Amino acid sequence: MLSHAFEGYNVCIFAYGQTGAGKSYTMMGRQEPGEEGIIPQLCHDMFRRINDTDASDTVYTVEVSYMEIYCERVRDLLNPQNEKSLRVREHPILGPYVEDLSKLVVTSYRDILQLMEEGNKARTVAATNMNETSSRSHAVFTIVLTQRKHDEHTDLKGEKVSKISLVDLAGSERAESTGAQGQRLKEGANINKSLTTLGKVISALAEVTKENAKDVRRPTRP
Ligand SMILES: Nc1ncnc2c1ncn2[C@@H]1O[C@H](COP(=O)(O)OP(=O)(O)O)[C@@H](O)[C@H]1O
Ligand SMILES: [Mg+2]
């Protein structure tokens, strides 16, 4: 994945499954040696690659954002003071983006760890019958890696931007099986809706790859 990102591709990982399946553990892990999840491991490897590279003509910039989607509301985990729900908008060239989401520049693995910790503290967690600390929200950790190259001989400048999206989805269990009512039931309905839509988007993308040239409509937000 990291190799693809360094080549300039956008990459994404979703953790999907029932509450208690180990999604958050897989993505974030614990703050102990040997217990780190995919996100800290990937960040660690990314900075190791950046620092190890001997290409002095390349300048790397790493920016991080971390948001949470709870009941269709988007919250900035790196700026929890911003209480209002952020708007998802569509850029004609760059595609969908979240307006006003903070994007912080980081220069080391230590920087990222600190932001991750802050963001994790800000996450909404609510108990269901299935798991005390079960998370009823989706969390999206995004890393934007920019590589600027300056060719001495030709004096040409090039830029490669890749986005790494690491998503810890909310539990996929059915609302009835958790015995949820009221707010919990509403959460469940929103989660089911967004997971169903995500499923449709992925099937449509797979369909596009399969049929390639044929026009397949891609569903976006419900
Ligand atoms: N591979 C694993 N090794 C050790 N503990 C794990 C593992 N996977 C999950 N756990 C533990 O199981 C519990 C539930 O995992 P969690 O990641 O919170 O589930 P989810 O996010 O899917 O609801 C947590 O206490 C977590 O630490
Ligand atoms: Mg979780």
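Think of each number as a place in line: the chain as shown, counted from 1.
Including glycine, each Cβ sits where the backbone N, Cα and C put it.
All TrEMBL annotations are machine predictions without curation.
The domain 'Kinesin motor' annotation in TrEMBL covers 1-222. Taken as a whole, the domain 'Kinesin motor' (1-222) shows an average pLDDT of 83 in this prediction.
According to TrEMBL, the ATP binding site annotation covers Gly17, Gln18, Thr19, Gly20, Ala21, Gly22, Lys23, Ser24. For Gly20 (ATP binding site), the count of additional Cβ atoms within 10 Å of its Cβ stands at 16 [all protein chains shown].
Its Cβ placed at the centre, Ala21 (ATP binding site) has 15 other Cβ atoms within 10 Å. In the vicinity of ligand 2, defined as a Cβ distance under 6 Å, the following of the binding-site residues Gly17, Gly22, Lys23, Ser24 are placed: Lys23, Ser24. Thr19 (ATP binding site) counts 19 other C-beta atoms within 10 Å of its own C-beta, drawing on all protein chains shown.
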